[in-house]
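The domain 'KRAB' annotation in Swiss-Prot covers 7-75 and is backed by sequence analysis. The annotation zinc finger is assigned in Swiss-Prot to 230-252, 342-364, 370-392, 398-420, 426-448, 482-504, 510-532, 566-588, 594-616, 650-672, 678-700, 706-728 (among others) on the grounds of sequence analysis.
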Amino acid sequence: MGPLTFMDVAIEFCLEEWQCLDIAQQNLYRNVMLENYRNLVFLGIAVSKPDLITCLEQEKEPWEPMRRHEMVAKPPVMCSHFTQDFWPEQHIKDPFQKATLRRYKNCEHKNVHLKKDHKSVDECKVHRGGYNGFNQCLPATQSKIFLFDKCVKAFHKFSNSNRHKISHTEKKLFKCKECGKSFCMLPHLAQHKIIHTRVNFCKCEKCGKAFNCPSIITKHKRINTGEKPYTCEECGKVFNWSSRLTTHKKNYTRYKLYKCEECGKAFNKSSILTTHKIIRTGEKFYKCKECAKAFNQSSNLTEHKKIHPGEKPYKCEECGKAFNWPSTLTKHKRIHTGEKPYTCEECGKAFNQFSNLTTHKRIHTAEKFYKCTECGEAFSRSSNLTKHKKIHTEKKPYKCEECGKAFKWSSKLTEHKLTHTGEKPYKCEECGKAFNWPSTLTKHNRIHTGEKPYKCEVCGKAFNQFSNLTTHKRIHTAEKPYKCEECGKAFSRSSNLTKHKKIHIEKKPYKCEECGKAFKWSSKLTEHKITHTGEKPYKCEECGKAFNHFSILTKHKRIHTGEKPYKCEECGKAFTQSSNLTTHKKIHTGEKFYKCEECGKAFTQSSNLTTHKKIHTGGKPYKCEECGKAFNQFSTLTKHKIIHTEEKPYKCEECGKAFKWSSTLTKHKIIHTGEKPYKCEECGKAFKLSSTLSTHKIIHTGEKPYKCEKCGKAFNRSSNLIEHKKIHTGEQPYKCEECGKAFNYSSHLNTHKRIHTKEQPYKCKECGKAFNQYSNLTTHNKIHTGEKLYKPEDVTVILTTPQTFSNIK
């Protein structure tokens, strides 16, 4: 065995091979080669400095020394001497030799032959010194003459072919003592050891990342600064590394001879075109012997094989997670550091992986290479096309062994399996809530942090999920991509379309086992079940009131805090619920989408239309168990029940008067404040209640939509019509328990009761006199003001017969 030389431990790359390496791999190669040379010099083995080392020290491309030899070669022709030593062209059978000759078929020189004894293109020794146009043979440096029978790969040097043979034997004799990883070649082990031994002495001041070479940190700093000093003279494109510019120039000037017939995309290598075609067709030639999974590229199969032995030597120091590849660990670390080195030049968005940036760029270019043969729809990713194809086949290959449910995608099956195990490994440190997926936990954490990274460019509104931003954007564009095939109605969300479809089929698949009531949606059934159990797990810490839903508790808390987060941009009025704001906005727009088919009356809310329809049908499904009285609304029945209990939970702090309903208390408080916030635009008259203003407005329009079928008399309010009808029926449902007197209206009964109780709640501020009716107080106040709207005889009538006054009013 001869003495060890640098070329015994060196690895050489041709231009094509060098371009396949990424920046990190190229830098690692430079560092290893330079270190190997320094070690040989230290041992006194290396004598002269190889061209490769000189090239690497000057930060030039390592394939340049090889290129110099290529430059001197000219197209070969047949040698005029020693013709008998060369094979005739028609007798050449070796595929690589034929390929070598084909490279020069466009030359003017013909009859290029190969030397017999070498079975390869060789140099003619006789004419080494005297070249002329027709007396040259192809030099050995111009071809790859060493062939390997397993993969028909060719090499410039015999030593390189021997190294390549080792990769096919699958023997990995060189083992790392640190992590146990094995390699088939000693230089590869030497490269690997650097990961464990080398000290990162060069640190970036910006992000704190450390490097083992000053040249690498110089390049890294350009990521932070955004500096791109290398400009292409042809197209003006700039780069942060010279190697990137060199690669770009090759691709810019190089002929792309290999064109895809399907999509028209061109490539400078036939091998890349072949790989591209395989991706388009979906063929997967490379199959795993362990699990039978197939791949369209051999490199993907090689990566996949590492899953089976379970070897994961690269461990994250932050979270302890282990990986098969150092590159995967590097990508993973960016999750902890938040580093996003790959920035889009169009919009400035940054990514932690180069592949994500490549995919993102297609948004700007609108490139969609992957087309569905069934419907013609195109996609920017092959994975999206694969998913899409399952729509046409309706095939669901992924089946759950527990319940037999099938899915189109393996990811959905994995999600489904967790429903059986109940496993929730990802826990929130703030509130302790657990989740099935880390992505769901990440989204949940934003509730605590308040982070909203997704911002609308039109109105500036921010969201904590990208899907919410996408849905929100449709408000500005008015896009409604989800259309109902039955009635043509369109929706901005697929979930809304799914709900809408149930209107047409009238199917209610979710049935309550307790009472048999059926529902269209599972969420409604869940809500309904609580009515049977009476469970109210969500309790208010302020007042102790309990609720059966967390959302209702959240809304309730706003009563105590006074928070009204939903504000109207038109008038500034604020609301505690977004639904109330939506309803309120219709006042300004005048929108009334919900129209009654019977009488043509329109409403701003569907619930109001549903209630209104019961007037025509006469349906009163809600019946009081105490007195048998029926109502067309459940809320009206609830209010009615309080009459029987005499419970008055809502008390006025000013005068101590109690009320059955909070709305009545609110109205009552206005008596004390004297506030009249609702003003008529026609005559300027102000009112305490919005309902009173609405009734007043009808005076100006003269509209009386409510007509009595018996006598034809019309009214401007439905309540007045109901009261009027009692004249015809003679009905007096409201009876006094003290004296037995009956009344048509509950208000008359309440006024009458004050005769027995002697209650006089309406007091004059001037003289202190009290009255049992508000109208009497109003009449009395005119004595102090001197106002005389009525003649003395009229006043006498009013005072002696309050019922008559009531009728006049």
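The backbone N, Cα and C atoms fix where each Cβ goes, and this holds for glycine too.
Proximity of distant same-chain residues to the zinc finger (426-448), defined by a Cβ-Cβ separation under 8 Å and at least 6 residues beyond the stretch ends, is recorded for 415, 418, 464-465.
On the 0 to 100 pLDDT scale, the model's mean across the zinc finger (482-504) is 76.
Only residues 6 or more beyond the boundaries of the zinc finger (594-616), in the same chain, are considered here, and those with a CB under 8 A from a CB of the stretch are 583, 586-587, 632-633, 705, 718. Outside the zinc finger (566-588) by six or more residues, the chain places 555, 558-559, 604-605 with a CB less than 8 A from a CB of the stretch. Secondary structure counts, DSSP: the zinc finger (342-364) has 11 helix, 4 strand, 8 coil.
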